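As given in Swiss-Prot:
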- 1-225: region 'Pyrophosphorylase' (REGION)
- 6-9, LYS20, GLN71, 76-77, 98-100, GLY135, GLU150, ASN165, ASN223, ARG329, LYS347, TYR362, ASN373: UDP-N-acetyl-alpha-D-glucosamine binding site (BINDING)
- ASP100, ASN223: Mg(2+) binding site (BINDING)
- 226-246: region 'Linker' (REGION)
- 247-453: region 'N-acetyltransferase' (REGION)
- HIS359: active site, proton acceptor (ACT_SITE)
- ALA376, ASN382, TYR383, SER401, ALA419: acetyl-CoA binding site (BINDING)
Amino acid sequence: MNIVILAAGTGKRMRSALPKVLHPLAGRPLLSHVIATARTLQPSRLVVVVGHGAEQVQTAVAAPDVQFAVQAEQLGTGHAVRQALPLLDPAQPTLVLYGDVPLTRASTLRRLVDAAREGSYGILTVTLDDPTGYGRIVRDAAGFVTRIVEQKDASPEQLKIAEINTGIIVTPTGQLAMWLGALKNENAQGEYYLTDVVELAIEAGFDVVTSQPDDEWETLGVNSKAQLAELERIHQRTIADALLVDGVTLADPARVDVRGTLRCGRDVSIDVNCVFEGNVTLADNVTIGPNCVIRNASVGAGTRIDAFTHIDGAELGANTVIGPYARLRPGAQLADEAHVGNFVEVKNAVIGHGSKANHLTYIGDADIGARVNIGAGTITCNYDGANKFRTVIEDDVFVGSDTQLVAPVRVGRGVTIAAGTTIWKDVAEGVLALNEKTQTAKSGYVRPVKKKS
(Lines of atoms letter the chains of each structure in order from A and count residues from 1; the text may use other names and numbers.)
(Lines give C-alpha, C1' and ligand atoms only; values in the text may rest on other atoms or scores of the structure.)
Protein backbone atom coordinates (compact mmCIF):
# COMPACT_ATOMS: atom_id res chain seq x y z
CA MET A 1 0.00 0.00 0.00
CA ASN A 2 1.05 3.58 -0.70
CA ILE A 3 0.44 6.23 1.94
CA VAL A 4 0.43 9.92 1.05
CA ILE A 5 0.46 12.50 3.84
CA LEU A 6 -0.51 16.04 2.87
CA ALA A 7 1.66 18.56 4.74
CA ALA A 8 2.00 21.53 2.40
CA GLY A 9 -0.45 24.02 3.92
CA THR A 10 0.50 27.43 5.26
CA GLY A 11 -1.57 27.36 8.44
CA LYS A 12 -2.30 31.09 8.47
CA ARG A 13 -4.64 30.84 11.45
CA MET A 14 -1.81 29.49 13.59
CA ARG A 15 -0.22 32.96 13.39
CA SER A 16 3.24 31.45 13.57
CA ALA A 17 6.44 31.33 11.53
CA LEU A 18 6.61 27.60 12.24
CA PRO A 19 4.92 25.43 9.59
CA LYS A 20 1.61 24.18 10.97
CA VAL A 21 2.48 20.48 10.79
CA LEU A 22 5.57 21.07 12.97
CA HIS A 23 3.69 22.49 15.93
CA PRO A 24 4.13 20.09 18.84
CA LEU A 25 1.50 17.79 20.25
CA ALA A 26 2.68 15.89 23.33
CA GLY A 27 6.22 17.00 22.57
CA ARG A 28 6.31 15.80 18.95
CA PRO A 29 5.36 17.57 15.70
CA LEU A 30 1.83 16.94 14.48
CA LEU A 31 3.27 15.40 11.33
CA SER A 32 5.42 12.98 13.34
CA HIS A 33 2.29 11.54 14.95
CA VAL A 34 0.75 10.92 11.52
CA ILE A 35 3.94 9.33 10.18
CA ALA A 36 4.18 7.06 13.23
CA THR A 37 0.61 5.86 12.69
CA ALA A 38 1.25 5.37 8.97
CA ARG A 39 4.26 3.18 9.72
CA THR A 40 2.14 0.76 11.72
CA LEU A 41 0.31 -0.04 8.46
CA GLN A 42 3.66 -1.06 6.87
CA PRO A 43 3.28 0.86 3.59
CA SER A 44 5.52 0.01 0.64
CA ARG A 45 5.74 3.73 -0.19
CA LEU A 46 5.38 6.57 2.32
CA VAL A 47 5.25 10.01 0.70
CA VAL A 48 4.92 13.37 2.45
CA VAL A 49 3.78 16.26 0.27
CA VAL A 50 5.47 19.47 1.45
CA GLY A 51 5.04 23.06 0.39
CA HIS A 52 5.10 25.91 2.90
CA GLY A 53 8.35 25.63 4.87
CA ALA A 54 9.28 22.58 2.80
CA GLU A 55 12.94 22.46 3.81
CA GLN A 56 12.13 22.86 7.49
CA VAL A 57 9.48 20.14 7.35
CA GLN A 58 11.76 17.73 5.49
CA THR A 59 14.55 18.27 8.01
CA ALA A 60 12.20 17.63 10.93
CA VAL A 61 10.83 14.28 9.73
CA ALA A 62 13.51 12.97 7.35
CA ALA A 63 13.93 9.19 7.53
CA PRO A 64 15.03 6.41 5.16
CA ASP A 65 11.44 5.25 4.62
CA VAL A 66 10.01 8.73 3.94
CA GLN A 67 9.97 10.29 0.46
CA PHE A 68 9.00 13.88 -0.26
CA ALA A 69 6.99 15.47 -3.04
CA VAL A 70 6.87 19.25 -3.35
CA GLN A 71 3.72 21.26 -4.00
CA ALA A 72 5.29 24.55 -5.06
CA GLU A 73 1.92 26.28 -5.46
CA GLN A 74 -0.92 25.78 -3.01
CA LEU A 75 -3.60 24.72 -5.50
CA GLY A 76 -5.69 22.43 -3.32
CA THR A 77 -5.67 18.91 -1.93
CA GLY A 78 -6.25 17.24 -5.29
CA HIS A 79 -3.29 19.09 -6.75
CA ALA A 80 -1.19 18.10 -3.72
CA VAL A 81 -1.88 14.39 -4.16
CA ARG A 82 -1.07 14.72 -7.86
CA GLN A 83 2.48 15.79 -6.94
CA ALA A 84 3.00 12.48 -5.16
CA LEU A 85 1.88 10.24 -8.05
CA PRO A 86 5.35 9.73 -9.61
CA LEU A 87 6.57 8.28 -6.29
CA LEU A 88 3.74 5.77 -5.86
CA ASP A 89 3.43 2.13 -6.86
CA PRO A 90 0.51 2.11 -9.34
CA ALA A 91 -0.20 -1.55 -8.58
CA GLN A 92 -0.94 -0.79 -4.92
CA PRO A 93 -3.84 1.20 -3.42
CA THR A 94 -3.16 4.64 -1.98
CA LEU A 95 -4.27 5.89 1.42
CA VAL A 96 -4.36 9.69 1.81
CA LEU A 97 -3.80 11.19 5.27
CA TYR A 98 -3.33 14.73 6.58
CA GLY A 99 -0.35 16.08 8.49
CA ASP A 100 -2.55 18.22 10.71
CA VAL A 101 -4.89 15.38 11.77
CA PRO A 102 -2.68 13.62 14.32
CA LEU A 103 -4.95 11.43 16.44
CA THR A 104 -6.44 8.95 13.97
CA ARG A 105 -5.88 5.46 15.33
CA ALA A 106 -4.16 2.82 13.23
CA SER A 107 -7.09 0.47 13.89
CA THR A 108 -9.45 3.01 12.32
CA LEU A 109 -7.31 3.20 9.20
CA ARG A 110 -7.06 -0.59 8.97
CA ARG A 111 -10.84 -0.86 9.01
CA LEU A 112 -11.07 1.65 6.17
CA VAL A 113 -8.43 -0.17 4.13
CA ASP A 114 -10.14 -3.52 4.75
CA ALA A 115 -13.51 -2.08 3.70
CA ALA A 116 -12.02 -0.97 0.38
CA ARG A 117 -9.90 -4.06 -0.20
CA GLU A 118 -11.82 -5.24 -3.26
CA GLY A 119 -10.78 -2.20 -5.30
CA SER A 120 -13.46 0.12 -3.95
CA TYR A 121 -13.12 3.80 -3.21
CA GLY A 122 -13.04 4.13 0.58
CA ILE A 123 -13.92 7.23 2.58
CA LEU A 124 -13.48 7.72 6.31
CA THR A 125 -16.61 9.47 7.54
CA VAL A 126 -17.78 10.54 10.97
CA THR A 127 -21.18 11.42 12.41
CA LEU A 128 -21.23 14.70 14.34
CA ASP A 129 -23.78 16.28 16.63
CA ASP A 130 -22.98 19.57 14.90
CA PRO A 131 -21.76 19.03 11.31
CA THR A 132 -21.74 22.75 10.47
CA GLY A 133 -18.98 23.66 8.04
CA TYR A 134 -18.25 20.15 6.82
CA GLY A 135 -19.00 18.39 3.56
CA ARG A 136 -22.01 16.08 3.94
CA ILE A 137 -22.12 12.46 2.77
CA VAL A 138 -25.18 12.12 0.54
CA ARG A 139 -26.61 8.61 0.15
CA ASP A 140 -29.41 7.18 -1.97
CA ALA A 141 -32.40 5.23 -0.70
CA ALA A 142 -30.35 2.04 -0.65
CA GLY A 143 -27.66 3.68 1.49
CA PHE A 144 -25.01 3.99 -1.23
CA VAL A 145 -22.88 7.14 -1.33
CA THR A 146 -23.80 9.33 -4.28
CA ARG A 147 -21.78 12.46 -3.61
CA ILE A 148 -20.17 14.77 -1.11
CA VAL A 149 -21.84 18.16 -0.91
CA GLU A 150 -20.09 21.09 0.71
CA GLN A 151 -21.86 23.22 3.32
CA LYS A 152 -22.25 26.23 1.04
CA ASP A 153 -23.79 24.11 -1.72
CA ALA A 154 -26.09 21.99 0.45
CA SER A 155 -29.87 22.17 0.33
CA PRO A 156 -31.84 22.62 3.57
CA GLU A 157 -32.54 18.89 3.56
CA GLN A 158 -28.87 18.03 3.01
CA LEU A 159 -27.82 20.36 5.83
CA LYS A 160 -29.64 18.02 8.21
CA ILE A 161 -27.21 15.21 7.34
CA ALA A 162 -24.91 14.49 10.30
CA GLU A 163 -22.44 12.21 8.46
CA ILE A 164 -19.50 14.22 7.17
CA ASN A 165 -16.40 13.67 5.05
CA THR A 166 -13.08 13.63 6.88
CA GLY A 167 -10.97 13.80 3.71
CA ILE A 168 -9.17 10.53 4.48
CA ILE A 169 -9.54 8.15 1.54
CA VAL A 170 -8.15 4.93 0.10
CA THR A 171 -8.44 4.06 -3.58
CA PRO A 172 -6.71 2.18 -6.42
CA THR A 173 -3.74 4.29 -7.50
CA GLY A 174 -4.15 3.91 -11.25
CA GLN A 175 -7.72 5.17 -11.16
CA LEU A 176 -6.77 7.91 -8.70
CA ALA A 177 -4.20 9.25 -11.16
CA MET A 178 -6.82 9.30 -13.90
CA TRP A 179 -9.40 11.06 -11.72
CA LEU A 180 -6.91 13.63 -10.48
CA GLY A 181 -6.10 14.48 -14.06
CA ALA A 182 -9.79 15.12 -14.72
CA LEU A 183 -10.32 17.49 -11.79
CA LYS A 184 -11.41 21.05 -12.51
CA ASN A 185 -10.76 24.15 -10.44
CA GLU A 186 -14.03 25.88 -11.15
CA ASN A 187 -14.58 27.22 -7.65
CA ALA A 188 -14.08 30.46 -5.76
CA GLN A 189 -10.59 29.46 -4.60
CA GLY A 190 -9.45 28.22 -8.01
CA GLU A 191 -8.23 25.00 -6.37
CA TYR A 192 -8.39 21.30 -7.22
CA TYR A 193 -10.28 19.48 -4.47
CA LEU A 194 -9.66 15.85 -3.60
CA THR A 195 -13.29 15.62 -2.45
CA ASP A 196 -14.41 16.06 -6.07
CA VAL A 197 -12.79 12.72 -6.92
CA VAL A 198 -15.63 10.78 -5.28
CA GLU A 199 -18.14 11.89 -7.91
CA LEU A 200 -15.71 10.86 -10.65
CA ALA A 201 -15.37 7.46 -8.97
CA ILE A 202 -19.15 7.04 -8.83
CA GLU A 203 -19.49 8.09 -12.46
CA ALA A 204 -16.90 5.44 -13.34
CA GLY A 205 -19.03 2.79 -11.64
CA PHE A 206 -16.83 2.31 -8.60
CA ASP A 207 -18.34 1.20 -5.33
CA VAL A 208 -17.83 3.88 -2.69
CA VAL A 209 -17.53 2.37 0.78
CA THR A 210 -17.27 4.14 4.12
CA SER A 211 -15.90 3.42 7.55
CA GLN A 212 -16.10 5.36 10.80
CA PRO A 213 -13.72 5.83 13.74
CA ASP A 214 -14.53 4.74 17.27
CA ASP A 215 -14.26 8.35 18.48
CA GLU A 216 -15.03 11.49 16.52
CA TRP A 217 -11.95 13.27 17.90
CA GLU A 218 -9.79 10.91 15.81
CA THR A 219 -10.61 13.02 12.77
CA LEU A 220 -10.15 16.47 14.30
CA GLY A 221 -7.62 18.68 12.55
CA VAL A 222 -5.54 21.62 13.72
CA ASN A 223 -6.05 25.02 12.16
CA SER A 224 -5.55 27.27 15.19
CA LYS A 225 -3.77 27.34 18.52
CA ALA A 226 -7.13 26.80 20.23
CA GLN A 227 -7.66 23.57 18.26
CA LEU A 228 -4.10 22.50 19.02
CA ALA A 229 -4.73 23.00 22.74
CA GLU A 230 -7.98 21.05 22.47
CA LEU A 231 -6.25 18.10 20.82
CA GLU A 232 -3.45 18.22 23.38
CA ARG A 233 -5.96 17.75 26.19
CA ILE A 234 -7.76 14.97 24.31
CA HIS A 235 -4.49 13.17 23.66
CA GLN A 236 -3.25 13.56 27.22
CA ARG A 237 -6.52 12.26 28.63
CA THR A 238 -6.25 9.23 26.33
CA ILE A 239 -2.76 8.56 27.69
CA ALA A 240 -3.95 9.05 31.27
CA ASP A 241 -6.83 6.63 30.74
CA ALA A 242 -4.39 4.00 29.46
CA LEU A 243 -2.17 4.50 32.53
CA LEU A 244 -5.18 4.08 34.81
CA VAL A 245 -6.14 0.86 33.04
CA ASP A 246 -2.58 -0.38 33.61
CA GLY A 247 -2.95 0.23 37.36
CA VAL A 248 -1.11 3.54 37.73
CA THR A 249 -2.54 5.83 40.41
CA LEU A 250 -3.03 9.38 39.11
CA ALA A 251 -4.05 12.00 41.66
CA ASP A 252 -5.79 13.90 38.85
CA PRO A 253 -5.83 12.39 35.33
CA ALA A 254 -6.39 15.87 33.88
CA ARG A 255 -3.13 17.13 35.37
CA VAL A 256 -0.44 14.85 34.02
CA ASP A 257 1.36 15.35 30.70
CA VAL A 258 3.27 12.64 28.83
CA ARG A 259 5.39 14.00 25.99
CA GLY A 260 7.07 10.82 24.88
CA THR A 261 6.90 7.27 26.25
CA LEU A 262 6.12 6.51 29.90
CA ARG A 263 6.46 2.90 31.10
CA CYS A 264 5.22 2.11 34.59
CA GLY A 265 5.50 -0.93 36.83
CA ARG A 266 3.00 -1.99 39.47
CA ASP A 267 1.68 0.36 42.14
CA VAL A 268 3.16 3.53 40.70
CA SER A 269 1.64 6.74 42.06
CA ILE A 270 1.85 10.12 40.29
CA ASP A 271 0.69 13.35 41.89
CA VAL A 272 -0.63 16.42 40.06
CA ASN A 273 1.12 18.64 37.49
CA CYS A 274 3.84 16.18 36.54
CA VAL A 275 5.42 16.22 33.08
CA PHE A 276 7.19 13.23 31.52
CA GLU A 277 9.30 13.83 28.40
CA GLY A 278 11.24 11.49 26.13
CA ASN A 279 11.61 7.91 27.36
CA VAL A 280 10.83 7.47 31.04
CA THR A 281 10.63 4.20 32.96
CA LEU A 282 9.19 3.98 36.47
CA ALA A 283 9.66 0.62 38.20
CA ASP A 284 7.33 -0.91 40.79
CA ASN A 285 6.19 1.15 43.78
CA VAL A 286 7.61 4.45 42.57
CA THR A 287 5.96 7.54 44.03
CA ILE A 288 6.15 10.89 42.21
CA GLY A 289 5.23 14.04 44.13
CA PRO A 290 3.52 17.07 42.61
CA ASN A 291 5.02 19.44 40.04
CA CYS A 292 7.89 17.23 38.90
CA VAL A 293 9.49 17.18 35.43
CA ILE A 294 11.15 13.89 34.43
CA ARG A 295 12.88 13.50 31.07
CA ASN A 296 14.72 10.50 29.58
CA ALA A 297 15.21 8.76 32.91
CA SER A 298 14.89 5.36 34.54
CA VAL A 299 13.67 5.20 38.13
CA GLY A 300 14.24 2.11 40.27
CA ALA A 301 11.67 0.28 42.37
CA GLY A 302 10.49 1.86 45.59
CA THR A 303 11.93 5.27 44.80
CA ARG A 304 10.27 8.41 46.13
CA ILE A 305 10.56 11.63 44.15
CA ASP A 306 9.29 14.60 46.11
CA ALA A 307 7.70 17.81 44.87
CA PHE A 308 9.26 20.21 42.36
CA THR A 309 12.07 17.86 41.35
CA HIS A 310 13.59 18.04 37.86
CA ILE A 311 15.26 14.92 36.45
CA ASP A 312 16.89 14.83 33.02
CA GLY A 313 18.94 11.97 31.60
CA ALA A 314 19.47 10.26 34.95
CA GLU A 315 19.45 6.67 36.23
CA LEU A 316 18.06 6.04 39.70
CA GLY A 317 18.46 2.78 41.58
CA ALA A 318 15.95 1.18 43.90
CA ASN A 319 14.65 2.88 47.04
CA THR A 320 16.28 6.21 46.35
CA VAL A 321 14.82 9.42 47.75
CA ILE A 322 14.95 12.58 45.65
CA GLY A 323 13.85 16.12 46.46
CA PRO A 324 11.95 18.21 47.10
CA TYR A 325 13.42 20.85 44.80
CA ALA A 326 16.26 18.63 43.57
CA ARG A 327 17.77 18.64 40.10
CA LEU A 328 19.39 15.64 38.45
CA ARG A 329 21.07 16.52 35.16
CA PRO A 330 22.33 14.26 32.35
CA GLY A 331 24.78 11.63 33.50
CA ALA A 332 23.56 11.47 37.09
CA GLN A 333 23.60 7.87 38.35
CA LEU A 334 22.27 7.03 41.78
CA ALA A 335 22.80 3.60 43.31
CA ASP A 336 20.22 1.92 45.51
CA GLU A 337 19.11 3.82 48.63
CA ALA A 338 20.93 7.02 47.71
CA HIS A 339 19.39 10.30 48.87
CA VAL A 340 19.50 13.63 47.03
CA GLY A 341 17.61 16.29 48.93
CA ASN A 342 16.32 19.82 48.61
CA PHE A 343 18.27 22.28 46.50
CA VAL A 344 20.87 19.69 45.48
CA GLU A 345 22.08 19.56 41.87
CA VAL A 346 23.83 16.49 40.47
CA LYS A 347 25.42 16.42 37.01
CA ASN A 348 27.50 13.69 35.33
CA ALA A 349 28.15 12.06 38.67
CA VAL A 350 27.81 8.66 40.32
CA ILE A 351 26.44 8.50 43.86
CA GLY A 352 27.01 5.18 45.58
CA HIS A 353 24.82 2.86 47.62
CA GLY A 354 23.25 4.57 50.62
CA SER A 355 25.10 7.84 50.13
CA LYS A 356 23.32 11.08 50.97
CA ALA A 357 23.46 14.69 49.85
CA ASN A 358 20.45 16.14 51.57
CA HIS A 359 20.85 19.91 51.41
CA LEU A 360 22.13 22.78 49.29
CA THR A 361 24.87 21.01 47.33
CA TYR A 362 26.38 20.89 43.84
CA ILE A 363 27.89 17.58 42.74
CA GLY A 364 29.29 17.70 39.22
CA ASP A 365 31.71 15.36 37.44
CA ALA A 366 32.17 13.22 40.54
CA ASP A 367 32.38 9.59 41.63
CA ILE A 368 31.04 9.12 45.14
CA GLY A 369 31.29 5.78 46.88
CA ALA A 370 28.93 4.02 49.26
CA ARG A 371 27.67 5.33 52.61
CA VAL A 372 29.06 8.82 52.03
CA ASN A 373 27.47 11.80 53.78
CA ILE A 374 27.69 15.10 51.91
CA GLY A 375 27.05 18.05 54.22
CA ALA A 376 25.01 21.12 53.33
CA GLY A 377 26.72 23.68 51.15
CA THR A 378 29.26 21.26 49.65
CA ILE A 379 30.51 22.11 46.16
CA THR A 380 32.62 20.07 43.76
CA CYS A 381 34.63 22.74 41.97
CA ASN A 382 34.88 20.94 38.64
CA TYR A 383 35.63 23.76 36.18
CA ASP A 384 38.75 25.90 35.89
CA GLY A 385 37.32 28.20 33.23
CA ALA A 386 38.55 26.03 30.36
CA ASN A 387 38.26 22.35 31.29
CA LYS A 388 36.29 20.14 33.65
CA PHE A 389 37.81 17.66 36.10
CA ARG A 390 36.47 14.86 38.30
CA THR A 391 36.23 14.54 42.04
CA VAL A 392 36.50 11.05 43.58
CA ILE A 393 35.16 10.40 47.08
CA GLU A 394 35.64 6.83 48.27
CA ASP A 395 33.37 4.80 50.58
CA ASP A 396 32.40 5.87 54.11
CA VAL A 397 33.55 9.48 53.83
CA PHE A 398 31.90 12.19 55.95
CA VAL A 399 31.97 15.59 54.28
CA GLY A 400 31.18 18.47 56.62
CA SER A 401 29.08 21.46 55.67
CA ASP A 402 30.45 24.26 53.50
CA THR A 403 33.18 22.12 51.95
CA GLN A 404 34.75 22.84 48.58
CA LEU A 405 36.48 20.06 46.66
CA VAL A 406 38.71 21.51 43.94
CA ALA A 407 39.03 18.95 41.14
CA PRO A 408 40.92 16.94 40.15
CA VAL A 409 41.04 15.51 43.64
CA ARG A 410 40.57 12.16 45.43
CA VAL A 411 39.36 11.65 48.99
CA GLY A 412 40.28 8.27 50.48
CA ARG A 413 38.02 5.79 52.22
CA GLY A 414 36.78 6.68 55.70
CA VAL A 415 37.97 10.29 55.64
CA THR A 416 36.24 12.93 57.74
CA ILE A 417 36.29 16.44 56.31
CA ALA A 418 35.63 19.20 58.81
CA ALA A 419 33.08 21.90 58.11
CA GLY A 420 34.29 24.88 56.13
CA THR A 421 37.23 23.03 54.55
CA THR A 422 38.65 23.51 51.07
CA ILE A 423 40.18 20.32 49.67
CA TRP A 424 42.58 20.89 46.77
CA LYS A 425 44.97 17.96 47.35
CA ASP A 426 44.32 14.24 47.52
CA VAL A 427 43.45 12.99 51.03
CA ALA A 428 44.70 9.63 52.32
CA GLU A 429 42.35 7.06 53.86
CA GLY A 430 40.99 7.37 57.38
CA VAL A 431 42.21 10.84 58.32
CA LEU A 432 40.55 14.05 59.46
CA ALA A 433 40.97 16.74 56.81
CA LEU A 434 40.53 20.37 57.81
CA ASN A 435 41.83 23.84 57.15
CA GLU A 436 43.00 25.14 60.52
CA LYS A 437 41.48 28.50 61.35
CA THR A 438 41.72 30.82 64.31
CA GLN A 439 38.54 31.76 66.14
CA THR A 440 38.72 35.05 67.99
CA ALA A 441 36.30 36.45 70.58
CA LYS A 442 36.53 40.18 71.30
CA SER A 443 34.89 41.63 74.36
CA GLY A 444 33.38 45.08 74.48
CA TYR A 445 31.97 44.97 70.97
CA VAL A 446 28.94 47.19 70.41
CA ARG A 447 26.63 46.67 67.48
CA PRO A 448 25.86 49.67 65.28
CA VAL A 449 22.64 51.47 66.14
CA LYS A 450 20.26 52.43 63.39
CA LYS A 451 20.02 56.19 63.03
CA LYS A 452 16.61 57.74 63.45
CA SER A 453 15.36 59.65 60.42
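Backbone N, Cα and C atoms are what each Cβ position is placed from, and that goes for glycine too.
Overlay of Swiss-Prot annotations on the structure.
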residue	record	contacts (Cβ under 8 Å, 6+ apart)
GLY76	UDP-N-acetyl-alpha-D-glucosamine binding site	ASN185, GLN189, GLU191, TYR192, TYR193, LEU194
ASP100	Mg(2+) binding site	ALA7, GLY9, GLY11, LYS20, VAL21, LEU30, LEU31, GLY221, VAL222, ASN223
ARG329	UDP-N-acetyl-alpha-D-glucosamine binding site	ASP312, GLY313, ALA314, GLU345, VAL346, LYS347, ASN348
HIS359	active site, proton acceptor	GLY341, ASN342, PHE343, VAL344, GLY375, ALA376, GLY377
ASN373	UDP-N-acetyl-alpha-D-glucosamine binding site	SER355, LYS356, VAL397, PHE398, VAL399
ASN382	acetyl-CoA binding site	GLY364, ASP365, ALA366, LYS388, PHE389, ARG390, THR391, ALA407
TYR383	acetyl-CoA binding site	GLY364, PHE389
SER401	acetyl-CoA binding site	GLY375, ALA376, GLY377, THR378, ALA419, GLY420
Find, among the binding-site residues listed as GLY9, GLY99, the one whose Cβ has the highest number of other Cβ atoms within 10 Å in the structure shown.
GLY99
Please spell out the DSSP helix, strand and coil residue counts for the region 'Linker' (226-246).
20 helix, 0 strand, 1 coil
Over all shown protein chains, what is the count of other CB atoms within 10 A of the CB belonging to ALA419 (acetyl-CoA binding site)?
14
Would you report the average pLDDT that the model assigns to the region 'Linker' (226-246)?
98
Under 8 Å Cβ-Cβ from LEU6 (UDP-N-acetyl-alpha-D-glucosamine binding site), six or more apart in the same chain: what's there?
VAL49, THR77, ALA80, VAL81, VAL96, LEU97, TYR98, GLY99
Compile a sequence-ordered list of residues in the same chain as GLU150 (UDP-N-acetyl-alpha-D-glucosamine binding site), six or more apart from it, whose Cβ lies below 8 A from its Cβ; state 'none' when nothing qualifies.
GLY135, THR195
Just checking a number: largest C-alpha distance across ALA376, ASN382, TYR383, SER401, ALA419 for the acetyl-CoA site, rounded to a whole Å.
22
